[in-house]
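Asker: Would you mind keeping the following structure in view while I ask a few things?
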Amino acid sequence: MGFHQTSSISFSATKWLGFVTAVWVQAISGNNYTFSNYSDALKSLMNLTQLELNNLSVAKDVGKAFGLLAGLASDRLPTPVILLIGSIEGLIGYGTQWLVVSGRIQPLPYWQMCIFLCLGGNSTTWMNTAVLVTCIRNFRRNRGPVSGILKGYVGLSTAIFTDLCAALFADDPAKFLIMLAVIPFAVCLTAIVFLRETPPAATIEEEKEESKYFNIFNAVAVIVAVYLMAYGFIPNPSHAISLAFSVILLVLLASPLAAPVHAFIKSWTLNGFKNQADVERQIQEPLLIEEKAQEEIQERPAEESASAVVEQPQAVEEEKAAVEVKRRPVIGEDHTIFEAIRTVDFWILFVSFLCGVGTGLAVMNNMGQIGLALGYADVSLFISMTSIWGFFGRIVSGSVSEYYIKKAGIPRPLWNAASQILMAVGYILMAVALPGSLYIGSIVVGICYGVRLAVSVPTASELFGLKYFGLIYNILILNLPLGSFLFSGLLAGFLYDAEATPAPGGGNTCVGAHCYRLVFFIMAIACVVGFGLDVLLVIRTKKIYNRIFMSRRSKKLAAASNLQ
């Protein structure tokens, strides 16, 4: 009896402690979005043109294409092994870039730098896969908030790294790179110890309890985001202010530990106040029923046993028929990757995802050059703003989309459609290049990019199931390197170089609104296409989300009638 109590307490606390470490992993796994912080150093050190620099960025994103390996491994290897692989890859990939930028070794040949950027990019796919797959399985009744919180911290990670580097190392690109190499490695070692798959919520009460904890996580995340944004607006902070900012930020990031501590104390207290007799009755009654059932089985006449044997072939035929039906699952059931890619809905989701994240990545990868072209000497504020507002887009869309599914069965892809049309407006604003348009544009693009990431993850799990979710998720993430190549490497690179003039020290440069105007207009058109695809997906999945709504509603009604 004491063992069962201890096990219950342990499961509750371990589940939330694992989620806290998952949040930490996501808070440091957005290093792929920080390329603009050290791209100028690489460009000048290696005498690169803008097209060559953009292709280095593409190499970083190509690393995500090998996330298929992480997806395959997620169904075969335990979570700690997947995290370890990702942390070692990041240490090697970003560690080598630090050696080059810090001058400890001579600049490597261009193709070798591409390989190490690819390694750094691939490291995050292992971290993200381990965290997302494990947590969505642990909290499958609250997929929206889980995705929103975890993806939200990925968005914040750029601002966390950028602001910490500015506060402690005065924006030194070499020291920034050593942070990208060492900190994720250390955090992943912590998650290896605590992040495990645990049983999901089995009752409405447990689901409501999870929702309360997620509201606390959302509140803490919003405080962190506002804190980071406020620090970004402090002009030339002193060393003392910078040090105080860093300490408070670390305390805020550690504060979610209160959730597993509270869960442990609450479980312990509830178990301590239970009546001993009631506990024994709850444990003994099933045993007595089981014993009685076994006695009835033993007392069955031989004729019954014989009839059961005769009925076995019929049962086998029924099982075969069931297997036949499951060979072609409908949307909403578990799909293998081959079954998923044979559906129209998968490709609608895939292409619309490409239109959103591909164009968003082009802005993030080129923010340094976009800012310089528009006359801003320091672009770190725009990078942080894109990151922080991307966080708000992720965390709000995850919780809001989940709320409206439970409330009215509104299809989750509807929020993707809204984000796509708003993103197109943001690109048009940046193309017009009115005073302050880069501030507004970076906020709008950040929010919409965040919505796209946070909403697409649970959408894929709801349409194609959780059994092979790790691999399906990484197939969707192929849009990151593909979108980076199409919109950043080709579109932005070629059009920028066409407008640029040779620089005296090598490479080229472009100043003026014309440098990226055509790029922004083309990306706005891509977002309109994505909007149309998302609307189509809303129409096609309306029945599925209505079924999810009705299923949850019937469970709530059943739980309420049981209480009465």
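Cβ atoms are placed via backbone N, Cα and C, with glycine included.
If you look up TrEMBL, you'll see 1-22 marked as signal peptide. Under the heading domain 'Nodulin-like', TrEMBL lists 15-261. Marked as transmembrane segment by TrEMBL: 81-98, 110-136, 148-170, 176-195, 216-234, 240-265, 346-364, 370-392, 413-432, 438-459, 471-496, 516-539. Sequence annotations record features per position, and here TrEMBL assigns domain 'NFD4 C-terminal' to 339-545.
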Asker: I'm a bit unsure how to read this: which one of 110-136, 176-195, 438-459, 471-496, 516-539 has the highest number of Cβ pairs shorter than 8 Å with the transmembrane segment (413-432)?
Answerer: 516-539
Asker: May I ask you to check whether the transmembrane segment (370-392) and the transmembrane segment (216-234) make contact, with contact taken as at least three Cβ pairs under 8 Å and only pairs 6 or more apart in sequence counted?
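Answerer: Contact criterion met.
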Asker: I'd like to know if the transmembrane segment (176-195) touches the transmembrane segment (110-136) in this structure, counting it as a touch only when three or more C-beta pairs sit under 8 Å and are separated by 6 or more positions.
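Answerer: The answer is yes, given that the two segments have at least 3 Cβ pairs within the 8 Å cut-off.
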Asker: Tell me whether the transmembrane segment (516-539) sits in contact with the transmembrane segment (346-364), defined here as at least 3 Cβ pairs under 8 Å among residues 6 or more apart in sequence.
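Answerer: Yes, since the transmembrane segment (516-539) and the transmembrane segment (346-364) share at least 3 Cβ pairs closer than 8 Å, they count as touching.
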Asker: Do the transmembrane segment (216-234) and the transmembrane segment (148-170) come close, with at least three CB pairs under 8 A (pairs 6 or more apart in sequence)?
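Answerer: Yes, the transmembrane segment (216-234) and the transmembrane segment (148-170) are in contact.
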Asker: Look over the recorded stretches 148-170, 176-195, 346-364, 471-496 and say which has the most C-beta pairs under 8 A to the transmembrane segment (438-459).
Answerer: 346-364
